Ligand code: NAD
Ligand code: LMR
């Protein structure tokens with residue numbers, strides 16, 4: 001039997017945690033041949049609720065679940081961790097933008113970045129789901145200068161999945177037929193869902209839908225989906241966010257499908273004019289725990305203009321957190 005991998009998850013008593021932990025334990029993330037040890041970090045006041053989640057994890061009798069430990073101490077949570085899923089943070093409420101959370105959540109990610117550097121396994125891969133996810137990943141990476149920047153990522157897979165679902169619904173195609181979707185930029189309302197390289201059942205997506213629909217319906221629907229869910233549910237997306245976190249880590253660890261790619265927010269080295277050092281969403285292929293940005297794609301003029309605006313927002317967020325002293 002393969003040795004268990006240690007998966008640290010923060011915010012385990014929260015909404016996303018309640019979905020995510022069970023899917024990890026079931027083998028949906030790292031495979032049905034890979035045992036896991038769960039290490040769950042919460043704030044002290046959520047520990048009682050977390051104990052209930054642990055009871056349920058036990059009651060599910062997952063064959064792959066080697067152990068579950070809970071702690072309110074980040075250095076215990078990340079000790080020896082192979083994957084760190086940074087979910088725990090305050091979600092936005094109605095009327096807020098994700099960037100409104102910068103000050104509230106930024107300090108959490110600096111402290112966790114430091115703890116990851118101190119104790120995590122040298123295989124560590126970090127996925128930030130807690131908002132504002134891109135800039136939180138930047139903060140965590142800045143607090144852990146000894147860990148290669150490439151190990152830090154933020155979740156734009158939910159936006160990618162939303163984009164696939166909207167395009168599939170519009171064309172009547174199964175979601176599995178949609179390939180090469182891209183989401184560029186920030187996980188925010190400025191994000192850039194881009195179908196110009198996508199195919200549906202092998203045909204170019206741009207031949208199957210009208211440009212007006214893309215501009216006036218598709219892009220705004222995908223970019224504002226998080227707010228629409230908050231409006232409808234009175235709480236931010238949780239099951240779909242957990243599913244996207246699973247997809248993100250699974251593809252990172254196990255690889256993207258031949259001929260396809262996914263969208264991940266990763267550290268820019270200047271690709272597509274995104275300033276070096278920003279954590280931005282790009283099309284990536286993955287293999288064996290490494291990602292590679294798909295280079296050489298021609299940018300449609302609308303996509304290019306929107307990407308510049310999204311990157312300007314990321315740059316502005318970086319300036320704000322620098323002013324808060326969160327970039328070291
Ligand atoms: P939630 O409020 O239900 O749960 C958050 C949990 O995090 C709480 O249990 C809280 O006690 C815990 N927490 C807070 N600070 C912590 C810390 N320092 N250490 C450990 N745990 C801590 O929220 P949720 O709905 O689960 O959402 C979590 C985060 O994910 C929010 O920031 C939300 O905006 C974000 N989110 C991101 C995406 C995405 O696509 N990137 C999608 C949905 C939600
Ligand atoms: C989402 O996209 O659903 C999350 O980022 C939650 C939010 O604040 O929109």
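Each position is counted from 1, following the chain as shown.
Cβ coordinates come from backbone N, Cα and C, glycine included.
Per TrEMBL, the features are:
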type: DOMAIN; residues: 7-149; note: domain 'Lactate/malate dehydrogenase N-terminal'
type: BINDING; residues: 11, 12, 13, 14, 15, 16, 17, 105, 112, 129, 130, 131; note: NAD(+) binding site
type: BINDING; residues: 92, 98, 131, 162; note: substrate binding site
type: DOMAIN; residues: 156-319; note: domain 'Lactate/malate dehydrogenase C-terminal'
type: ACT_SITE; residues: 187; note: active site, proton acceptor
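Sequence features, as recorded in TrEMBL, placed on the structure.
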residue	record	contacts (Cβ under 8 Å, 6+ apart)
11	NAD(+) binding site	17, 41, 42, 87, 88, 89, 130
15	NAD(+) binding site	91, 235, 236, 238
92	substrate binding site	98, 100, 101, 131, 230, 236
112	NAD(+) binding site	10, 41, 74, 78, 84, 86, 140, 143
162	substrate binding site	193, 221, 222, 225, 240
187	active site, proton acceptor	98, 131, 132, 133, 134, 154, 155, 156, 158, 159, 265, 281
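Maximum intra-site Cα distance, substrate binding residues 92, 98, 131, 162: 19 Å.
Highlighted here are the binding-site residues (112, 130, 162) whose C-beta falls below 6 Å from ligand 1: 130, in sequence order. Mapped onto three states, the DSSP output places residue 17 (NAD(+) binding site) in helix. Checked against ligand 2, the binding-site residues 15, 92, 131 give 92, 131 as the ones with a Cβ under 6 Å from it, listed in sequence order. According to DSSP, the residue listed as 'active site, proton acceptor' sits in a coil region rather than a helix or strand.
Of all residue pairs in the NAD(+)-binding list (11, 12, 13, 14, 15, 16, 17, 105, 112, 129, 130, 131), the one with the greatest Cα separation is 20 Å apart.
The most crowded of the binding-site residues listed here (98, 130) is 130, judged by how many other CB atoms sit within 10 Å of its own CB.
Spatially close to residue 13 (NAD(+) binding site) yet at least six residues away along the chain are 42, 46, 47, 49, 50, 53, judged by Cβ distances under 8 angstroms. Taking the binding-site residues 17, 131 in turn, the residue surrounded by the fewest other Cβ atoms inside 10 Å of its Cβ turns out to be 17.
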